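Working notes, structure below.
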Amino acid sequence: MPTEKYRGRLQFDDALEASGFGKYNYSLLGTCCVLILTMFVDIFGFSVLLPSISCDLALTNNQQGLLSALPLIGTMISSYVWGLCADTLGRRKTILLTMPIGSCISLLTSLAPNFIALCILRFFSASFLSSANTAAFVLMGESVPSHHRSQFMFLMACSTMIGQLSTCLPALGIFRLSFHIKVPWLHMVYRPWRLLLQILCLPGFVMIIAMIFFEESPKFLLSKGRDEEALEVLKKIFKRNTGSDTALYKVTSVYLEQSEMTNSTEKSIMKKVWNQTAPLFKPPLLKNSLKLYFILLCAYMTSTGFTMWIPTVTNAYFGNDSPTTGKTFCEIASSAARRTLYKNGSSLIIEDCDNIIKPNTLYAVMVYSGLCGALNLLLTFLVGPIGKKTTTLIIFIITISCGVFLLFVRIPMLSILLFFIFPYVALILGNINTYLVELTPTYLRGMATCLSILVARGFGFISVQVIASLLADYCVPLIISYVLLGLSGLIAAFFLPADVRKPVTQEEACKKYTVSSESIERNKY
């Protein structure tokens, strides 16, 4: 669309459209994706290393469960704080303040000498890194034109799906190494899993530096009454997208609808928290908030709970000599959960800890994570023509069906495939984040996103503990319960707002963005 069509005083979405679509949007997308991936590697990628860490530190099953769940608690507790920061300080500033701290703590995790130190560092690294999920999604959603927003949200959601793949790729090479270097002054033995943790921290540091070169969300600036700053940001985005001089950006001023503005001048922290939270659970936002958060609850109790068990269960299929043919998933998974792999305090297994994770297990986990990312990428292109609501319903139906068949199938490879697809209900994340951005006023979006993390991680933590407690002895009723939970989410998804799509001719599209001289003069006042 020619830039001459965008002139004078425009509503924000039209002004953002006038800034073009190109290099700035794609580079911001890449940066945000890696920052979010850094967080998910810290949370879910750790499950790939857990067998080796458990062997090295001689952890019990309960300690392994706690170590897996602590990052979920950290993200759950801290997300409220980062939501408030994103809505008051800014999306970009929140990332620049918190992500460096989280990455440094994550690096220190690789030097933890014992279980207690590892737990503490894991808790705080996840707490600070979770700011990416709160702020980056909103920053991206407010910096890309509306007709590309759903696709970009799905692409960002792809990075949440490949945390284990990103861990397994370097793990394949590093776990082939066998070394144990004693470091007396740190009271630890330096092993391959510690080197892997350090390597996984590097992309996060690079992307934190990259974020310095991007702009704050122009919509956030507008919602705070900083109109001139917002206009300057839009001009910079225009220049980086088109390569043209900012003088060619014909928009003279930008405005938001009154419903998008915040009227709060409250300085009390508690009052700010209340003012940023209460409107989400009052009409007219209440109905949509309850639906979206309940759907997230259903999806992430299933996804998070079983994703943590992917390496362990997969290792049960590939990593032992017991036959799996003719057995159902529950028979194999229950046996794996009962098996005692490590003896507390044993010194007999120390030399074997480097080889505890079988290569076939890593390959299988890579397939699980890579396929999840590929499906999410596919949905990026389907969500436009099919619609957010329809794709959400399809995801629920497919994953619920896999959960049902999982109870009966006795073919090992098919059983693994069904087990992999069952947690793919998390593919709805892109849609739900798009709904949150579109249905929530600008000044509440950071808090709305942080509450979605609170729900997802909080109930994910509960799910991890439930599965750890019941998988060994009550696998069948456990799977049935999660199938029913998914069915509840499917029913709730039927009540999501319908996608509004109607064909628009080129002439109508141009007319929509043509601002007459009369309307320009009227909007000045």
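Glycine too: its Cβ is placed from the backbone N, Cα and C atoms.
Annotation comment: TrEMBL describes 28-501 as domain 'Major facilitator superfamily (MFS) profile'. In this model, the domain 'Major facilitator superfamily (MFS) profile' (28-501) carries an average pLDDT of 83.
What TrEMBL lists as transmembrane segment is 28-53 (among others).
The transmembrane segment feature in TrEMBL is assigned to 65-83 (among others). Nonlocal intrachain contacts for the transmembrane segment (65-83), taken as residues 6+ away from its ends with a CB within less than 8 angstroms of a stretch CB, comprise 39, 42-43, 46-47, 50, 53, 59, 94, 98, 115, 118-119, 122-128, 130-131, 133-135, 273, 276, 304, 308, 446-451, 453-454, 457-458, 460-461, 464-465, 468.
According to TrEMBL, the feature transmembrane segment maps to 95-117 (among others).
TrEMBL lists 123-140 (among others) with the feature transmembrane segment.
Marked as transmembrane segment by TrEMBL: 152-175 (among others).
The feature transmembrane segment is assigned by TrEMBL to 195-214 (among others). Tertiary neighbourhood of the transmembrane segment (195-214): same-chain residues 24, 27-28, 31, 34-35, 37-38, 41-42, 45, 49, 92, 95-96, 99-100, 102-103, 106-107, 109-110, 129, 166-167, 170-171, 174-175, 177, selected by CB-CB distance under 8 Å and a gap of 6+ residues from either end.
Residues or ranges marked as transmembrane segment in TrEMBL: 292-310 (among others). Long-range contacts of the transmembrane segment (292-310) within its own chain (CB-CB distance under 8 A, at least 6 residues past either end) are made by residues 44, 47, 68, 72, 164, 333, 365, 368, 392, 399, 403, 419-420, 422-426, 428-429, 432, 435-436, 439, 451-452, 455-457, 459-464, 466-467, 471, 482, 485-486, 488-489, 492-493, 496.
Under the heading transmembrane segment, TrEMBL lists 362-383 (among others). Through the fold, the transmembrane segment (362-383) approaches residues 48, 150-151, 154-155, 157-159, 161-166, 168-169, 171-172, 175, 310-311, 314, 317-318, 391, 395, 416, 420, 424, 426-427, 430-431 of its own chain, all at least 6 residues removed from its boundaries and within a Cβ separation under 8 Å.
Residues 295, 302, 328-330, 379, 382-383, 415, 418-419, 421-425, 427-428, 431-432, 476, 479-480, 482-483, 486-487, 489-490, 493-494, 496, 499 of the same chain lie 6 or more positions beyond the ends of the transmembrane segment (390-409) yet place their CB under 8 Å from a CB of it. Positions annotated as transmembrane segment by TrEMBL: 390-409 (among others).
The annotation transmembrane segment is assigned in TrEMBL to 415-436 (among others). Sequence-distant contacts of the transmembrane segment (415-436) (same chain, six or more residues past either end, CB-CB distance under 8 Å): 137, 141, 149-150, 153-157, 160-161, 288, 292, 295-296, 298-300, 302-307, 310, 313-314, 317, 328-329, 332, 364, 367-368, 371-372, 375-376, 379-380, 383, 388-389, 391-392, 395-396, 398-399, 402-403, 405-406, 409, 445, 448-449, 452, 482, 486, 489, 493, 496-497.
If one looks beyond the transmembrane segment (448-472) by at least 6 residues along the same chain, the residues whose Cβ comes under 8 Å of a Cβ in the stretch are 61, 65, 68-69, 72-73, 75-76, 79-80, 82-84, 86, 130, 133-134, 137-138, 277, 280, 289, 292-293, 296-297, 299-306, 308-309, 333-334, 337-338, 432-433, 436, 440, 478. The transmembrane segment feature in TrEMBL is assigned to 448-472 (among others).
According to TrEMBL, the transmembrane segment annotation covers 478-496 (among others). Long-range contacts of the transmembrane segment (478-496) within its own chain (CB-CB distance under 8 A, at least 6 residues past either end) are made by residues 291-292, 294-295, 297-299, 301-302, 305-306, 329-330, 388-389, 392-393, 396-397, 399-400, 403-404, 406-407, 422, 425, 428, 435, 466-467, 470-471.
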Near the transmembrane segment (95-117) in space but 6 or more residues beyond its ends, with Cβ under 8 Å, are 35, 38-39, 42, 57, 59, 63, 67, 82, 85, 89, 124-132, 135-136, 139, 186-188, 194-195, 197-198, 200-201, 204-205, 208, 211-212
